[in-house]
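Just below is one structure, and these are the notes that go with it.
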Amino acid sequence: MLATGGTIAGSSSNPASSAKYQAATVPVTALLDAVPALGAVARIEAEQLAQVDSKDMSFALWSRLVERVAFWSAQPDVSGIVITHGTDTLEETAMLLHLACVGTVPVVLTAAMRPSTSLSADGPLNLLDAVRVAADAGATAKGVLLVINQEIHAGRDVMKAHTSAVNAFVSPVSGPIGFVQDNLVRFVRTPSRLPAKAWPVPGAWPQVEIVASYAEPGRIVVDALAQAGVSGLVVAAAGNGSVHQSLVEALTDAAGAGVAVVRSSRTGAGHVAIPAPPRPAAGVFVSAGDLNPYKARVLLALALAAEPGLAKDPAALQALFTEN
Ligand code: SIN
């Protein structure tokens, strides 16, 4: 078990409030001690990798996480790996691990919406269910998973879609891939995509930022980012990937200057159409498919780190977004 912090490790002096608390305070040993039933499921070795509120997630911690997953996956007596994480940016870490940790040993993220000291804390059951899934033979070669609220989600597909509800996580296009009910771990489908090869985690990450399309966006942000030398931009476009005309112009100029531009959607669900021939409302930019802007940013950054020339090869970049 690799612990990184989050609300699952949060505590509060007021158990009746699930909003007023300090995230990332309770050590992983205490989280494990709070769930004696774990002893009947697995023998657990725990590492406190970090103690952070996931809003402050860093590339350094991502690198460390990938390194520790690789280490533990290679141990012959390890059946599965569970990672505790904050919910706020979990979908980004899940995307990174989906791309960077390709193997057969189950890698299962879990989290909680309520701190460990709150009334009806959801962390203990999520932790137990995550271990149940990581120890289950059915989880083998299913890629990186999130177990939360008795559901199993593919790491690539899952996103946080509610500020406070315990059922905050959804896989908006395809739904959960399975369920956990006490000792019953049931997979109902395989993940939509598993990468053919593990993407290397860069030592120095290329700068990739997110811009949004909305009424009268102006081009000042895109121009400033291009001038600052960003390597890539993900557009949180409207609807099915439509971009305001003023942004299309600015992004076209940025692309001409060597910035990789990818269109995602701000809607929260669905595929962004690949325009063929290019629609004026979309520009000619690469489609992120069904990846939301935050997930698309992770893939774009890894892709540009591995192959900086991709910015000038939209067809190759599009193929990566179609495959991963
Ligand atoms: C965090 O993301 O670390 C805090 C919020 C949460 O885990 O729900």
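Glycine is no exception: its Cβ is also placed from the backbone N, Cα and C atoms.
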TrEMBL records T87, D88 as substrate-binding residues. Which of S54, S118, S120 is assigned to the same site? S54
For the substrate site given as S54, T87, D88, which other residues of the same chain have their Cβ within 8 Å of the site's Cβ centre? G6, T7, D53, K55, H85, G86, T89, L90, A111, K160
In Å, how long is the longest CA to CA span across S54, T87, D88, which the record gives as the substrate binders? 7
Inter-residue C-alpha distance, T87 (active site) and S54 (substrate binding site) (nearest angstrom): 7
To the nearest Å, how far is the Cα of T7 (active site, O-isoaspartyl threonine intermediate) from the Cα of S54 (substrate binding site)? 9
